């Protein structure tokens with residue numbers, strides 16, 4: 001068996017792992033090993049933003065996980081793809097750049113993640129970002145990740161959605177990632193020069209030639225080796241060969257919200273009864289491993305469109321060929337956007353302090369596999385209740401590392417989540433029926449006008465929601481008995497082992513998860529290297545003054 005020694009071993013070259021590989025290897029005296037099960041991210045379908053549905057649904061680039069039958073979704077097994085390629089899920093995701101609300105991070109600190117409040121996290125969001133409109137008190141301009149608005153809402157439907165929100169009595173916001181998340185406005189994406197701005201492209205590609213950074217693809221991590229309560233090595237396989245890599249400083253798991261808890265469990269770290277049931281020798285009892293699992297659900301609210309201006313008219317082979325050719329030649333046009341160019345964040349009811357409903361607007365009526373929903377022109381808004389109270393788990397089934405763990409989200413287990421989706425249906429219908437859409441709107445496709453009562457809405461939601469592909473929180477950060485890592489990202493009760501990815505979020509933010517995952521990795525890199533944290537920001541955050549008594553406000 002081959003044995004090599006490195007200062008740091010990072011398991012998983014995803015959104016967090018690529019950041020860590022870059023930052024930890026910046027000091028040439030640190031030797032770093034980065035392990036990734038997947039392979040190259042150089043496919044045109046990964047690079048071209050409009051092709052996003054292809055890598056997400058590919059066995060080559062993604063772990064095509066499915067949940068156990070979800071008991072509160074009529075026993076449906078839900079799709080849960082995770083990146084299996086350099087860049088991880090940042091190479092297969094929808095590229096939507098949402099940090100989350102400031103209060104989401106203050107909530108982390110309230111849950112025991114000391115030093116992870118918004119004012120402490122904001123400098124790391126800025127460090128990671130190169131915002132196309134330049135730096136201000138909230139945005140960064142010198143970071144690796146390119147962030148822009150795609151084609152600047154050239155299709156009139158994008159602005160109709162924003163105007164409809166205003167007509168319905170909601171505020172507008174030019175930048176939901178700055179002082180005011182709540183409201184309707186443009187949406188931002190991780191695209192730079194017309195190409196997907198993934199963690200691998202921006203953090204890993206520029207440093208691959210460093211002599212102190214070793215990247216091994218096709219590597220399946222099988223266990224972390226403990227000597228007593230110290231993590232000392234990682235065992236992995238490559239093309240059937242077993243390899244042991246030793247770490248003289250630390251091992252960092254960045255295998256994601258499914259992979260990280262699973263690898264801990266394979267290593268004998270987790271709830272002792274769960275481990276014994278799977279035939280795993282217990283090395284360290286840590287009951288929170290795999291627990292607290294959270295995700296966002298969403299459904300498509302779809303309408304027919306009177307005018308032939310939607311993307312449904314661009315799905316033929318000739319149109320796709322022209323879009324692809326323009327993108328190949330100029331990195332511009334419809335090939336250079338994810339097509340989510342306007343959006344909204346609203347509150348579901350009075351008494352909700354910050355938004356818990358998110359909208360992505362799309363000028364097309366599509367299915368989840370990227371194909372047309374019907375013949376003709378249409379548009380849709382993706383809507384979901386984004387602060388769920390339902391909790392699930394990632395549970396090891398076998399000592400064989402190639403056997404996927406059981407994934408159970410328990411979606412809609414909590415009554416508040418059911419009521420949140422009732423609000424999604426009713427509030428969305430009200431918004432789309434505003435005058436701003438009169439010249440475009442031509443009949444509701446889904447849910448359908450007949451879906452009106454609580455019972456009808458609940459049945460529609462159970463049958464129609466899909467995962468927004470934001471699993472998280474399965475190795476939560478905190479200080480209580482169910483916390484897996486402390487506020488320094490160290491696995492509680494062990495030395496030499498950390499977890500850094502979206503699994504350590506204490507609670508799921510209101511928004512897409514790639515931006516906060518990269519922020520967490522930037523902040524964790526300083527913790528690992530013993531660097532002082534970046535200075536706290538002291539910026540204002542806009543909260544609706546009358547949030548306790550009203551559901552919406554025209555000004556925040």
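Quick reminder: no glycine exception, Cβ is built from N, Cα and C everywhere.
Some features that TrEMBL has for this protein:
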- 85, 93, 94, 95, 96: FAD binding site (BINDING)
- 83-106: domain 'Glucose-methanol-choline oxidoreductase N-terminal' (DOMAIN)
- 256-270: domain 'Glucose-methanol-choline oxidoreductase N-terminal' (DOMAIN)
>> If we skip the immediate neighbours and take only residues 6+ beyond the ends of the domain 'Glucose-methanol-choline oxidoreductase N-terminal' (83-106), which ones have a Cβ under 8 Å from one of its Cβ atoms?
In response: 12-18, 36-41, 46, 49, 52, 55-56, 58, 60-63, 116-118, 120-122, 125, 145, 147, 176-177, 181, 187-191, 196-201, 204, 215, 217, 256, 338, 340, 345, 353-355, 358, 360, 469, 507, 509-512, 514-516, 518-519, 541, 543
>> Over the span of the domain 'Glucose-methanol-choline oxidoreductase N-terminal' (256-270), how high is the average pLDDT in this prediction?
In response: 99
>> These are the binding-site residues: 85, 95. Which one scores highest on other Cβ atoms within 10 Å?
In response: 85
> For residue 93 (FAD binding site), what residues in its own chain, 6 or more apart in sequence, show a Cβ-Cβ distance under 8 Å?
Replying inline: 52, 56, 83, 469, 512, 514
> Can you check what DSSP calls residue 93 (FAD binding site), collapsed to helix, strand or coil?
Replying inline: coil
>> Please list the DSSP helix, strand and coil residue counts for the domain 'Glucose-methanol-choline oxidoreductase N-terminal' (256-270).
In response: 11 helix, 2 strand, 2 coil
